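Peer 1: Have a look at this one before I ask anything.
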Amino acid sequence: MATASEILKQIKENDVKFVDLRFTDRRASLQHVTMDVVCVDEDMFADGVMFDGFSIGGWKAINESDMVLMPDTETVHMDPFFAQSTMVIVCDILDPVSGEAYNRDRRGTAKKAEAYLKASGIGDTVFVGREAEFFVFDDVKYKADPYNTGFKLDSTELPSNDDTDYETGNLGHRPRVKGGYFPVPPVDSAQDMRSEMLTVLSEMGVVVEKHHHEVAAAQHDTLVRNADELGIKFKMQIYKYVVHQVANAYGKTATFMPKPIFGDNGSGMHVHQSIWKGGKPTFAGDEYAGLSESCLFYIGGIIKHAKAINAFTNPSTNSYKRFVPGYEAPVLLAYSARNRSASCRIPFGSNPKAKRVEVRFPDPTANPYLAFAAMLMAGLDGIKNKIHPGKAMDKDLYDLPPKELKKIPTVCGSLRQALESLDKDRKFLTAGGVFDDDQIDAFIELKMAEVMRFEMTPHPVEYDMYYSA
C-alpha cells in the first residue's frame, strides 16, 4: 500500500494540478470533488475531507449531514480525460463522529464481505470478473413530463436507417436485428472507438483482454481480465467511466441500460466468480464439469437466493425488460457447463485455475459493490449449508416443452418482486454483519420509489393499445 508521503511525491513528480476524490452513490453513479493540490497534504489522508451527505440521495438526514471522504491510497490513478493534470483517488465514506465506515457505503459492504469470507475459513480470496455490455448511439432524445413522454434513438447502425438520406450517401452496411455478433467493419462501425476504450483502460491500470461487436445493432462489449476482488479496486467503475468518456469524445453517447431497444438483445453483466485459499483454486474438483463439491454448493446458494439477489444485480425497472426468452437472457435458474441458456454457466477450461462460475443474470445498472457482495454471501451460504443445486441442465433451456419448463425456477419478473423477495430473504446477507437491516431497508425504500414512479406513469405503448377504446 502506498503511503501518503509517497503519493505526495508522485503529485510533485508528475506536476499534478488537482486531486479528484471519487465515490459511488446508492444508485451506482460516480460522484466527485476536485481538490487543488495546495490543499492536499498528509492531514487530508489522515483526516479525510468533509462533505454534505444529505445531498446524496438516501444517505443522511439534514440534521446529521456531515460525512467524511477518506482517500484509499491503493486506488490512485491519473484521469486521462481532464484538461488539467488530475490524479484520482477513490474514497471510503466514514461517519465523522465514530470514525467508522458508514453502513450505507457500498464499498464498505464489499470490504466486509471479503473479511467474512476470510473469517469463514472457506477461502481467503474471491476473484470477480465481469463482462458488461453497452449500447452506443449517435443521438438520444427523451422526455418524461406529464404531457410529453417518449424517447427517440438514432445510430447509423440501426436497421431503421436502411433508407435514411445522408449527405455522404447511405453506405448500407449495418447489422440486422439480432445479427450483430462479431462482424468486421464496415458493418461493425465502432472498431476504432472500442480499441480506444481498451487503450485508455490499460493506461489507467486495468488489465484488458479483447473487444467485439455484440448481437444487437449499436451494441458492444469490451472485456477485462478477472483480477478484481469484489470490485474494491474500482475497476468496474473505471470501466464504465472510460466507456462513457471515449464515446463522448467520438461525438456519441453510451448507455448501460439493460434494454434500451424493444425487439433486440439487451445488455447484461456476466459475473465470473471463484474462491481461492492458500493460493489454490477451491472450485476445481472431481464433480460435474471438473468442479468441486464446494463450488456446486456455491451455485446452490446463488440459485436459492437469486430472487433476493436480483434486487442488487438487476436494480432498475428496465432490467426486467431484458428477461425475455429468445433474446439470450438467462431467465431460468439452472446451471450447466458451456450452456449459455442457463443462468449459472461453467465456462470450459481444463486448467484448475480456470474453474469458475459465470452468473449471467446481472446487468450493468448494478452497483458493483453490492451486487458482487450479495452474490458472494449467497454462495457462502450455499457452502455453509450444503445447498446442492440439483442436476445440471445441459439441454437448450429455451426449447424445453412447457410442462418441463414450469418445473425450473426463474429470476424475478419485476423490480417490485425483487425488492419484495429481498425483504423476505435477507438473513444470508446480514450474516457476520456484512449487510444490516438499516442498509437493506433504505435500499428497498429508495428503489421502491423508482417502482412507484414507473408504475404510475402512462406509457406510450398504452396509448397505442388503448387510446381508441
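Cβ atoms here come from the backbone N, Cα and C positions, even for glycine.
Below are the features listed in Swiss-Prot for this protein:
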| type | residues | note |
| --- | --- | --- |
| DOMAIN | 14-99 | domain 'GS beta-grasp' |
| DOMAIN | 106-469 | domain 'GS catalytic' |
| BINDING | Glu131, His270, Glu358 | Mg(2+) 1 binding site |
| BINDING | Asn265, Gly266, Arg322, Glu328, Arg340, Arg360 | L-glutamate binding site |
| MOD_RES | Tyr398 | O-AMP-tyrosine |
Peer 1: Have a look around Glu328 (L-glutamate binding site) and count the other CB atoms within 10 A of its CB, chains all included.
Peer 2: 19
Peer 1: Quick one: mean pLDDT on the domain 'GS beta-grasp' (14-99)?
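Peer 2: Mean pLDDT across the domain 'GS beta-grasp' (14-99) comes out at 90.
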Peer 1: Could you check which of the binding-site residues (Arg322, Arg340, Arg360) sits closest to His270 (Mg(2+) 1 binding site), going Cα to Cα?
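Peer 2: Spatially nearest to His270 (Mg(2+) 1 binding site) by Cα position is Arg360.
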Peer 1: If you draw a 10 Å sphere on the Cβ of Asn265 (L-glutamate binding site), how many other Cβ atoms land inside?
Peer 2: 23
Peer 1: 10 Å Cβ neighbour count around Arg360 (L-glutamate binding site)?
Peer 2: 23
Peer 1: Quick check for the class: what is the C-alpha distance, in angstrom and rounded, between Gly266 (L-glutamate binding site) and Glu131 (Mg(2+) 1 binding site)?
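Peer 2: For Gly266 (L-glutamate binding site) versus Glu131 (Mg(2+) 1 binding site), the Cα atoms are 13 Å apart.
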Peer 1: Whole-number Å distance between the CA of Glu358 (Mg(2+) 1 binding site) and the CA of Arg340 (L-glutamate binding site)?
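Peer 2: Their Cα atoms are separated by 10 Å.
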Peer 1: Would you mind pulling the DSSP three-state label for Glu131 (Mg(2+) 1 binding site)?
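Peer 2: Reduced to three states, the DSSP call for Glu131 (Mg(2+) 1 binding site) is strand.
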Peer 1: I'd like the per-state residue tally for the domain 'GS beta-grasp' (14-99) from DSSP, helix first, then strand, then coil.
Peer 2: 18 helix, 35 strand, 33 coil
Peer 1: Let me know how many other Cβ atoms fall within 10 Å of the Cβ of Gly266 (L-glutamate binding site).
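Peer 2: A 10 Å sphere around the Cβ of Gly266 (L-glutamate binding site) contains 26 other Cβ atoms.
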Peer 1: Determine, to the nearest whole angstrom, how far the Cα atom of Arg340 (L-glutamate binding site) is from the Cα atom of Tyr398 (O-AMP-tyrosine).
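Peer 2: Arg340 (L-glutamate binding site) to Tyr398 (O-AMP-tyrosine), Cα-Cα distance: 10 Å.
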Peer 1: For a quick check of packing: other C-beta atoms within 10 Å of the C-beta of Arg322 (L-glutamate binding site), how many?
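Peer 2: Total other Cβ atoms inside 10 Å, all chains included: 23.
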Peer 1: If you take the centroid of the Cβ atoms of Glu131, His270, Glu358, the listed Mg(2+) 1 site, which other residues of that chain have their Cβ within 8 Å of it?
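Peer 2: In sequence order, the nearby non-listed residues are Gly129, Arg130, Gly268, Met269, Val271, His272, Arg345, Val359, Arg360.
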